[in-house]
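Undergrad: For reference, the structure I am asking about is given below.
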Amino acid sequence: MASKDWYKLNFQIESDLEEIIIWKLNELGIFSFSFEYLIKTENKKEVNIWLPINEWDESSRSDFEKIICKLLNINDSINKFFDWSVIKEEDWLTSWKKYWAPELVGNHFLILPCWINLNEEFNDKQIIKIDPGAAFGTGSHPSTYLCLEKMEKILLSDKKVLDIGSGSGILSIAARLLGAKEVCAIDNDYLAINSTNSNFQLNFGNLNNLNTYLGSFNEVILKHQLKKIDFVVCNILAEVIKEMIPNIYKCLRNNGEVIFSGILNSQKDEIIKILIQNNLKLLDVSSRKDWACIYAQKAKNLT
């Protein structure tokens, strides 16, 4: 079977379980998925997940089913709860794209899949063009939405910005659109780095003002001596954020600001406590659905 073929997994959930499924998929590094309301119902959604065949053998798929069953609190012996099918690469490209649409974020941004023409009614928006390929989504996750919503309210003109966990590069692109003079993007997945570079090029025609780094945040800032950052945006999982906070503090200049997202509302108090312990001043907390975004600052009188 061709290595570029895909498994498509389909199942149905109660609509209020969407966020916990998204959280788990992100935790597992799975980014090719969609949710759709079932016809004539508002409380059920159909979940579609695409997984590359060459990376998911029978044992891996079985383990994945058990993870989802545990998450949904259902018996993993239920017949036909999961529907697996095989999608050829050329068919995957068609089936995947049909679930994407332009998305307005905040007051100023429009995330636009690159194969969709811009409607004239959006000419006054800051356009973020995205072609995520096989690995990354188009920014519809609430944590990305919260980051963009907060970023558009922050003065980034002529500032040095660090994007931790860049993924498809949406937040790096947004920072440049908002006037950042330099954007540093870090991700530990080479596919993400490729996607960030590709989408930045798609939006600006070049890679000027962008530096990308492959590796973990703690490794990269030590190796490349990233310092005196004006603004950090960190959209990853809470457990990873907790480990990064001391070094994020060190790489910020005085009065530098940071946004943390990818945090469930139930996790925000613990993150805030760690921020304060590391001499970061809490400025604001916002939320969307089950997710929180924390905005903080390194105070001027701190070293």
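Just so you know, glycine gets a Cβ as well, placed from its N, Cα and C.
The S-adenosyl-L-methionine binding site feature in Swiss-Prot is assigned to Thr144, Gly165, Asp187, Asn235; the stated evidence is sequence analysis.
Context for these features, please: burial, neighbours, distances.
TA: The Cβ of Asn235 (S-adenosyl-L-methionine binding site) has 26 neighbouring Cβ atoms from other residues within 10 Å, across all protein chains displayed.
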Undergrad: Give the helix, strand or coil assignment DSSP yields for Asn235 (S-adenosyl-L-methionine binding site).
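TA: For Asn235 (S-adenosyl-L-methionine binding site) - judged by DSSP and reduced to three states - the answer is strand.
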Undergrad: Under DSSP, is Thr144 (S-adenosyl-L-methionine binding site) part of a helix or a strand, or is it coil?
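TA: In the DSSP reduction, Thr144 (S-adenosyl-L-methionine binding site) maps to helix.
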Undergrad: Please list, in sequence order, the residues in the chain of Thr144 (S-adenosyl-L-methionine binding site) that are at least six apart in sequence and whose C-beta is under 8 Å away from its C-beta.
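TA: Set apart from Thr144 (S-adenosyl-L-methionine binding site) by at least 6 residues yet with Cβ under 8 Å, we have Ile170, Leu171, Asn235, Ser261.
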